[in-house]
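Q: To start, I am sharing the structure in question, which I have written as structure tokens.
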Amino acid sequence: MVDAITVLTAIGITVLMLLMVISGAAMIVKELNPNDIFTMQSLKFNRAVTIFKYIGLFIYIPGTIILYATYVKSLLMKS
């Protein structure tokens, strides 16, 4: 049976990965031409994209390090 820490770690890694993907997509959309239809669609959409852009900027490097450390830890546990 799998212990609770393993399940919580898997859930945490999944949430972090999804947040990194959404934030990365927001950075891509934000870097498009300002006259593009995505950024001119609505103020709420532009605000949401900006928030995810800042989240992406703040978690990109730490998130990558955490995901890599977890991967290395799982490799060491298999040995």
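The backbone N, Cα and C atoms fix where each Cβ goes, glycine too.
As listed in Swiss-Prot for this protein:
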TOPO_DOM  1-8  topological domain 'Intravirion'
TRANSMEM  9-29  transmembrane segment
TOPO_DOM  30-47  topological domain 'Virion surface'
TRANSMEM  48-68  transmembrane segment
TOPO_DOM  69-79  topological domain 'Intravirion'
Q: Excluding the flanking five residues on each side, which residues at least 6 beyond the ends of the transmembrane segment (48-68) place their CB within less than 8 Å of a CB in that stretch?
A: 13, 16-17, 19-20, 22-27, 29-30, 38-39
Q: Average the pLDDT scores across the topological domain 'Intravirion' (1-8) and report the rounded value.
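A: Averaging the confidence scores along the topological domain 'Intravirion' (1-8) gives 74.
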Q: Taking residues 6+ outside the transmembrane segment (9-29), which of them lie with a CB under 8 Å of any CB in it?
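A: Residues packing against the transmembrane segment (9-29) from afar: 38-39, 48-53, 55-57, 59-60, 63-64, 66-67, 70.
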